[in-house]
Structures are given as C-alpha cells and as structure tokens.
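S.K.: Take a look at this one; I'll ask things after.
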Amino acid sequence: MRELVGSPGTWGGLVLRAGQCSFAGASIGVMVSAFGFANYTAFCYLIASMGLQLLWSFGLACLDIYALKMRKDLRNPILISLFVVGDWVTAILSFAAACSAAGVVVLFEKDVNFCKRVPGFPCGMFQLSTALAFLSWSLIAASSLVMFWLLGSL
C-alpha cells in the first residue's frame, strides 16, 4: 500500500501533530492572557478542549518521533483503531468548542456591540484565540480523515 501523507510514524504525521500542538497551545495562551475570559463558559470550554487537543497531539507527536528514530512501523490495526477514535473524539470536541467560542465572539462583536461599548474589552484576543482553535481543528480533521482511510485499508 502506498503511504499516505500524515500517517503515524512519518514526517508528515509529525508535522500534522506539531501543528495541532502549536495552534492549540497558542489558542490557550492567547485566551488565558485575555482579561475576563473565565466569565464566559464557551471560552472556558475552548481552553479545556484545546488542552485535551494539546495533550493528545503532543503524545502522538512523541510517538511519531520515537517511530522515526527507531524506524518502527505504526500501521498496526489496534494502534490505528486507537488513533481513529482519539482523533475523532478530539476533532469533534475541538470543533464544538471553536464554534461555541465563535458564537460568543460574534455576539459580542456584531449583535450587542459589546466590543465598542466597553473600552479595553479584549475582543481581538477572543477572536484570535478562536481563529487559532479553528486552525488546530482543521489539522486534527485532516489527521482524522487520514487515520480513517488507513483503518479502512488495513
């Protein structure tokens, strides 16, 4: 079978996982540095979801590094099944969190004009954190599809 870009234990897989980690970490960092984020449940959910995403992606990035260093093949049906379930769960949670945070950001920005009325309110930081969460989700969605494809081809 031809190797898919983003397969576990390859350079493509490592790049995908590193991107997921960096975007999730950046999303957390920006949101935590925004004053008053803890007053809104959607933003707290975003941090929790991105934290889970960060841990999952970091663990799999470490596994990719190990597999590359030791020249191990990670295309084992049991391992791929675990990766599929983990990727799909984290992808769904990340998408839900990013969408809920985006809904609150749109509410603040467009619907109630909260960002214009309250000077110093960190709307830009909320927007940036949400955008970074969507970028992290897009990479986990790509990983999820690759893993699902690999599972079907085993």
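Keep in mind that glycine also has a Cβ here, set from the backbone N, Cα and C atoms.
Take a look at what TrEMBL says about it:
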type	residues	note
DOMAIN	7-138	domain 'Casparian strip membrane protein'
TRANSMEM	21-40	transmembrane segment
TRANSMEM	46-66	transmembrane segment
TRANSMEM	78-108	transmembrane segment
TRANSMEM	128-151	transmembrane segment
S.K.: Let's see if you can do this one: DSSP helix, strand and coil counts over the domain 'Casparian strip membrane protein' (7-138), in that order.
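M.R.: Tallied per class, the domain 'Casparian strip membrane protein' (7-138) gives 111 helix, 0 strand, 21 coil.
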S.K.: Counting only residues 6+ away from its ends, which parts of the chain sit with a Cβ under 8 Å from the transmembrane segment (21-40)?
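M.R.: Counting only partners 6 or more residues beyond its ends, the transmembrane segment (21-40) has Cβ contacts under 8 Å with 46-47, 50-51, 53-54, 57-58, 61, 94, 104, 120-122, 125-126, 128-130, 132-133, 135-136, 139.
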